[in-house]
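Q: This is the structure, below, for whatever I ask next.
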Amino acid sequence: MVVMNKTNLLLLILSLFLAINLSSAQLRGDFYAGTCPNVEQIVRNAVQKKIQQTFTTIPATLRLYFHDCFVNGCDASVMIASTNTNKAEKDHEDNLSLAGDGFDTVIKAKEAVDAVPNCRNKVSCADILTMATRDVVNLAGGPQYAVELGRRDGLSSSASSVTGKLPKPTFDLNQLNALFAENGLSPNDMIALSGAHTLGFAHCTKVFNRLYNFNKTNNVDPTINKDYVTELKASCPQNIDPRVAINMDPNTPRQFDNVYYKNLQQGKGLFTSDQVLFTDSRSKPTVDLWANNGQLFNQAFISSMIKLGRVGVKTGSNGNIRRDCGAFN
């Protein structure tokens with residue numbers, strides 16, 4: 001009987017592995033070649049137009065993608081609006097700080113795609129978000145890369161499903177590695193994807209603990225560069241409006257580059273979960289490598305983004321193509 005149980009367990013693990021890989025295998029770069037051949041250019045044009053209106057488009061879209069993929073996979077479930085009978089993912093406390101410009105980027109790109117008669121209701125919101133994310137990275141000076149397409153939009157979205165699925169600013173390396181592993185991502189993927197913090201901003205309240213109440217021994221986190229502490233305290237005094245935000249990268253906040261890793265070498269990681277990548281000996285060599293070689297970082301980032309885009313993919317009857325990205329059909 002024990003042998004049977006072990007066998008059944010192995011078969012279950014194997015079936016789950018095959019199911020995940022089967023979904024990923026159905027993704028391909030030319031998925032819309034026969035239905036909406038110009039979809040990537042249509043989306044890129046919409047993204048460019050949105051960026052011209054506000055730079056926030058770039059970090060907001062990138063962050064939206066991560067938050068979508070880490071909760072039940074890359075299925076645009078984070079786009080769904082809550083109703084009287086359902087509190088959706090976007091209204092979980094961990095998602096309330098997602099900037100509206102990220103959502104608006106997808107909505108505007110969807111409108112542009114659907115304005116082309118043969119493309120209308122043929123392209124999923126999940127794929128539009130994937131393409132838009134690639135585009136904001138590239139338009140911020142980051143690498144251009146081919147995306148895999150063919151995702152369907154998710155059929156459910158609940159705030160309760162978000163709990164415990166997203167990394168916290170206070171996470172240590174073990175917690176980060178464990179959370180990424182749940183999504184089939186390696187420690188190297190985690191370090192590469194953390195490099196997205198080269199763009200964007202965070203609310204002051206997210207770093208108060210490092211500046212004013214770190215632990216019983218030190219009010220200030222001793223791993224923070226002293227000059228950076230002075231800078232952060234000037235930008236984030238204790239009585240500041242909690243809505244005030246600061247740049248994740250104090251040096252090149254509007255440029256996708258490897259300066260994030262150089263900042264870590266200097267003790268200028270904004271979150272504990274950033275700085276730990278340098279202070280922990282297991283991840284430090286990778287930080288040093290990418291700080292010294294931006295091309296290697298770009299290559300690693302592309303590889304990890306493609307892997308991220310395969311997480312929890314819905315294909316076929318497991319999803320659909322939403323007419324409105326913010327509501328189920």
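Every residue gets a Cβ built from N, Cα and C, even glycine.
For reference, Swiss-Prot lists these features for the protein:
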SIGNAL    1-25  signal peptide
DISULFID  CYS36-CYS119  disulfide bond
SITE      ARG63  site 'Transition state stabilizer'
ACT_SITE  HIS67  active site, proton acceptor
BINDING   ASP68, VAL71, GLY73, ASP75, SER77  Ca(2+) 1 binding site
DISULFID  CYS69-CYS74  disulfide bond
DISULFID  CYS125-CYS325  disulfide bond
BINDING   PRO167  substrate binding site
BINDING   HIS197  heme b binding site
BINDING   THR198, ASP249, THR252, ASP257  Ca(2+) 2 binding site
DISULFID  CYS204-CYS236  disulfide bond
CARBOHYD  ASN215  N-linked glycosylation site
Q: Using the Cβ center of ASP68, VAL71, GLY73, ASP75, SER77 as the Ca(2+) 1 site position, which other residues in that chain lie within 8 Å, going by their Cβ?
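A: Residues close to the Ca(2+) 1 site, other than ASP68, VAL71, GLY73, ASP75, SER77: CYS69, PHE70, ASN72, CYS74, ALA76, VAL78, GLU89, ALA126, GLY154, SER157, GLY312.
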Q: Near the Cβ of ASN215 (N-linked glycosylation site), how many other Cβ atoms are there if near means within 10 Å?
A: 10
Q: Work out how many Å separate ASP75 (Ca(2+) 1 binding site) and CYS69 (disulfide bond) at their Cα atoms, rounded off.
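A: Cα-Cα distance, ASP75 (Ca(2+) 1 binding site) to CYS69 (disulfide bond): 7 Å.
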Q: Check CYS36 (disulfide bond) against DSSP and tell me helix, strand or coil, would you?
A: coil
Q: Out of CYS119, CYS125, CYS204, CYS236, THR252, point to the one nearest ASP68 (Ca(2+) 1 binding site) in space (Cα versus Cα); all of them are recorded positions in the record.
A: CYS125
Q: Give me the count of other Cβ atoms within 10 A of the Cβ belonging to CYS36 (disulfide bond).
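A: Taking all protein chains shown, CYS36 (disulfide bond) has 18 Cβ neighbours within 10 Å.
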Q: In three-state terms from DSSP, label HIS67 (active site, proton acceptor) for me.
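A: In the DSSP reduction, HIS67 (active site, proton acceptor) maps to helix.
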Q: Inside 8 A of the center formed by the CB atoms of THR198, ASP249, THR252, ASP257, which other residues of the chain have their CB, for the recorded Ca(2+) 2 site?
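A: So the additional residues around the site are LEU199, ASN251, PRO253, GLN255, PHE256, ASN258, VAL259, TYR260, ASN263.
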Q: List the recorded positions among ARG63, VAL71, HIS197, ASP257 whose C-alpha is within 10 Å of the C-alpha of CYS325 (disulfide bond), in sequence order, or say none.
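A: Neighbours among recorded positions: none.
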Q: Count the Cβ atoms, other than its own, that fall within 10 Å of the Cβ of CYS204 (disulfide bond), considering every protein chain shown.
A: 20
Q: What same-chain residues, at least 6 away in sequence, bring their CB to under 8 Å of the CB of CYS125 (disulfide bond)?
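A: Result: ALA76, MET79, VAL106, LYS110, ASP153, ILE321, ARG322, CYS325.
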Q: Just counting, how many other CB atoms are there within 10 A of the CB of ASP68 (Ca(2+) 1 binding site)?
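A: Its Cβ has 31 other Cβ atoms within 10 Å.
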Q: Starting from the Cβ of ARG63 (site 'Transition state stabilizer'), draw a 10 Å sphere and report how many other Cβ atoms land inside it.
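A: Neighbour count, Cβ to Cβ under the 10 Å cut-off: 21.
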Q: By the count of other Cβ atoms within 10 Å, pick out the sparsest of the binding-site residues ASP249, ASP257.
A: ASP257
Q: Tally every other Cβ atom lying within 10 Å of the Cβ atom of SER77 (Ca(2+) 1 binding site).
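A: Its Cβ shell of radius 10 Å holds 28 other Cβ atoms.
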